[in-house]
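Notes follow once the structure below has been shown.
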Amino acid sequence: MICDKCQRQATYSRKYSGETLCSECFSNSILHKAAKTISKYKMIKNDEVVCVAVSGGKDSLVLLDVLNKMSKTHNFTLFAVTIDEGIPGYRDEALKIVESFCAQLKIQHKVFSYKKLFDLTLEESLQLRNDQKPSSCSICGTFRRRALDHAAKSINADVIATGHNLDDFLQTFLINTLSGDTTKIGWMDPDTSSNKLRKIKPLSEIYESEIVFYAFTNNLPFQTEPCPHMDEGIRTEIREFLNLLESNHNGIKNNMYGSVLKISQFIKKANHKEKRNCSVCGNECSGNVCSVCKMITRLTSE
Ligand code: SF4
Ligand code: ZN
């Protein structure tokens with residue numbers, strides 16, 4: 001197999017486009033795709049501070065690597081943050097990987113924990129539930145959004161960048177659809193330009209399988225051990241379902257991505273509400289009480 005672009009030995013075959021690429025041309029194509037997504041949604045502006053959420057998994061380390069390469073020719077500053085959920089034995093290995101990768105790239109790094117912010121680790125929250133409800137990931141996701149907002153504000157960042165890839169995006173859409181949560185589909189619109197603190201996902205147009213290949217071919221370190229709660233929700237089943245569809249119909253994930261973009265924009269417009277402030281904690285929210293305060297009340301009153 002020969003690379004379509006430079007005639008060297010190819011290492012990657014991109015089934016949905018029919019291209020075969022060598023490692024270098026493949027990596028350049030990923031940088032190019034991420035740059036295109038960033039420019040399409042004006043995700044990063046000159047002189048901004050970008051708070052990069054780095055968990056230690058492949059997506060966030062690829063994101064940090066890609067943004068670091070772009071920052072050499074563009075005018076923005078990176079600051080890495082890691083959220084420590086308090087999952088015994090899981091986050092420690094990831095933290096070491098992130099610390100050493102940030103030191104190698106000379107990027108500042110800070111850790112923020114659920115325990116400090118909410119006075120509850122994820123594990124302690126799970127002990128407080130009745131009947132396994134709410135799910136681990138729904139508690140964790142609610143807390144993580146707030147923890148990232150807090151982290152970004154405390155380092156004076158303009159933008160929060162997360163490593164969500166195209167597969168994550170499609171899975172989230174199906175999870176929200178299957179649970180009937182159409183409001184959250186509206187949140188998926190990548191245009192966050194009207195928000196004070198913009199949330200960006202520069203890898204959202206890249207397949208997960210390509211993120212994995214980029215990490216391997218660029219020798220990036222990453223944590224391979226999954227979170228012990230990963231298989232409790234429906235996400236793993238949906239991931240397998242979408243992968244099966246893609247293996248039978250190359251490019252179907254790209255098609256679906258285009259549809260989800262349109263649906264999320266439509267729902268966001270239809271659901272538009274003026275932002276208010278939570279009557280308990282004062283953070284911005286759409287109702288009287290924010291989702292974090294509701295979650296903490298639910299857990300601690302059960
Ligand atoms: Fe949190 Fe769920 Fe992710 Fe584990 S898998 S870190 S519980 S969101
Ligand atoms: Zn609140």
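Yeah, the Cβs are placed from backbone N, Cα and C, and that goes for glycine too.
Summarising the annotation, TrEMBL assigns Zn(2+) 1 binding site to Cys3, Cys6, Cys22, Cys25. Feature annotation from TrEMBL assigns ATP binding site to Ala53, Val54, Ser55, Asp59, Ile83, Gly163, Asp168. The annotation Zn(2+) 2 binding site is assigned in TrEMBL to Cys278, Cys281, Cys290, Cys293. As annotated by TrEMBL, domain '2-thiouridine synthetase TtuA-like N-terminal LIM' applies to 3-26. The feature domain 'tRNA(Ile)-lysidine/2-thiocytidine synthase N-terminal' is assigned by TrEMBL to 50-239.
Mapped onto this structure are the features recorded in TrEMBL.
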residue : record                : contacts (Cβ under 8 Å, 6+ apart)
Cys6    : Zn(2+) 1 binding site : Cys22, Glu24, Cys25
Val54   : ATP binding site      : Ser60, Leu61, Leu63, Leu64, Ala80, Val81, Thr82, Val98, Phe101, Cys102, His109, Gly163
Ser55   : ATP binding site      : Thr82, Ile83, Ala94, Val98, Gly163, Gln223
Asp168  : ATP binding site      : Asp59, Ser204, Glu208
Cys278  : Zn(2+) 2 binding site : Glu284, Cys285, Asn288, Val289, Cys290, Cys293
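Other Cβ atoms within 10 Å of the Cβ of Gly163 (ATP binding site) number 24 in total over all chains. Counted with DSSP, the domain '2-thiouridine synthetase TtuA-like N-terminal LIM' (3-26) comes out as 4 helix, 7 strand, 13 coil. Per-residue pLDDT, averaged along the domain '2-thiouridine synthetase TtuA-like N-terminal LIM' (3-26), amounts to 97 for this model.
Per-site Cβ counts within 10 Å over the binding-site residues Cys281, Cys290 peak at Cys290.
Taken in sequence order, the binding-site residues Asp168, Cys281, Cys290, Cys293 that lie near ligand 2, meaning a CB under 6 Å from one of its atoms, are Cys281, Cys290, Cys293. Distance noted between the C-alpha atoms of Cys3 (Zn(2+) 1 binding site) and Cys281 (Zn(2+) 2 binding site) is 56 Å. According to DSSP, Ala53 (ATP binding site) sits within a strand segment.
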